[in-house]
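Quick look at what Swiss-Prot annotates:
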type: DOMAIN; residues: 4-173; note: domain 'Era-type G'
type: REGION; residues: 12-19; note: region 'G1'
type: BINDING; residues: 12-19, 64-68, 122-125; note: GTP binding site
type: REGION; residues: 38-42; note: region 'G2'
type: REGION; residues: 64-67; note: region 'G3'
type: REGION; residues: 122-125; note: region 'G4'
type: DOMAIN; residues: 204-280; note: domain 'KH type-2'
Amino acid sequence: MKTKAGFVALIGKPNAGKSTLLNTLLNAHLALVSHKANATRKLMKCIVPFKDKEGYESQIIFLDTPGLHHQEKLLNQCMLSQALKAMGDAELCVFLASVHDDLKGYEEFLNLCQKPHILALSKIDTATHKQVLQKLQEYQQYASQFLSLIPLSAKKSQNLNALLECISEHLSPSAWLFEKDLMSDEKMRDIYKEIIRESLFCFLSDEIPYESDVIIDKFIEEECIDKVYAHIIVEKESQKKIVIGKNGVNIKRIGTNARLKMQEVGEKKVFLNLQVIAQKSWSKEEKSLQKLGYIYQRNRD
């Protein structure tokens with residue numbers, strides 16, 4: 001069997017549709033999806049098998065990254081550093097740009113990325129044919145920069161094979177790097193954590209999802225059931241009250257939604273215990289971010 005394998009960084013502005021694209025390619029719910037920008041905070045490896053037209057069985061390891069953005073908040077700097085690290089580690093990049101975005105995000109990416117890349121135009125199902133053609137024409141001024149320009153829709157599964165074919169074409173022959181049926185090298189407890197975070201984005205509004213995170217205190221994995229004990233961390237006591245809700249209605253909704261998704265992903269029953277704590281300025285403190293597993297490289301210049 002002829003095989004290829006390689007790491008591909010998936011880069012884009014917040015809400016470009018990176019996580020939706022990966023979940024569609026995997027046919028599974030692993031990456032956090034929200035209509036709110038900047039939902040993804042940590043790099044995740046997602047492994048997509050693909051047989052290309054040359055007969056190679058390719059193992060494409062996508063590095064799902066936080067959206068490219070610049071803010072002074074320490075947490076946001078951590079997120080940006082992960083996207084930059086992914087670009088450095090990958091042999092190929094895919095820049096995902098919404099058909100509704102201007103070209104500024106792509107121009108910023110060009111200044112940051114030194115690797116060969118494919119430009120993918122996402123969400124074409126939400127635009128008219130004329131709008132898609134116009135946006136493709138706008139990007140043609142950078143034709144010498146990208147390997148290929150591919151319009152696609154993850155929601156409608158349009159042109160996804162074309163994207164995978166193009167990626168496989170630019171990977172080198174190699175033995176597979178992971179087991180055949182593995183979709184991610186993430187531990188189940190980390191996937192469960194992201195599912196809880198996604199539920200926060202689903203049921204909470206305004207700034208609360210951005211000023212919250214999840215810590216798995218205890219994870220017990222048994223044959224027929226996973227037991228998850230976690231707490232949601234917020235910045236203020238007032239936010240804690242909102243997360244819990246009157247008579248606990250909000251935390252029950254969040255917990256039920258998360259538990260059902262966990263059971264779908266884990267293919268077994270899940271017991272979920274959620275608590276809420278308030279810790280002032282956790283997203284601005286390096287010690288707190290280290291505890292939560294975010295990578296941060298301080299600029300010492």
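Yeah, the Cβs are placed from backbone N, Cα and C, and that goes for glycine too.
These numbers come from a predicted model, not from an experiment.
Cβ contacts within 10 Å of G12 (GTP binding site), excluding its own Cβ and spanning all protein chains shown: 25.
When the binding-site residues N15, T65 are compared by the number of other CB atoms within 10 angstroms of each CB, N15 has the fewest.
Around K18 (GTP binding site), taking its Cβ as the centre, 27 other Cβ atoms fall within 10 Å, counting all chains. Here I124 (GTP binding site) comes close to V99, V132, P151, L152, S153, Q158: these same-chain residues lie at least six apart in sequence, with C-beta atoms under 8 angstroms from its C-beta. Assigned with DSSP, the residues of the region 'G4' (122-125) fall into helix, strand and coil as follows: 2 helix, 1 strand, 1 coil.
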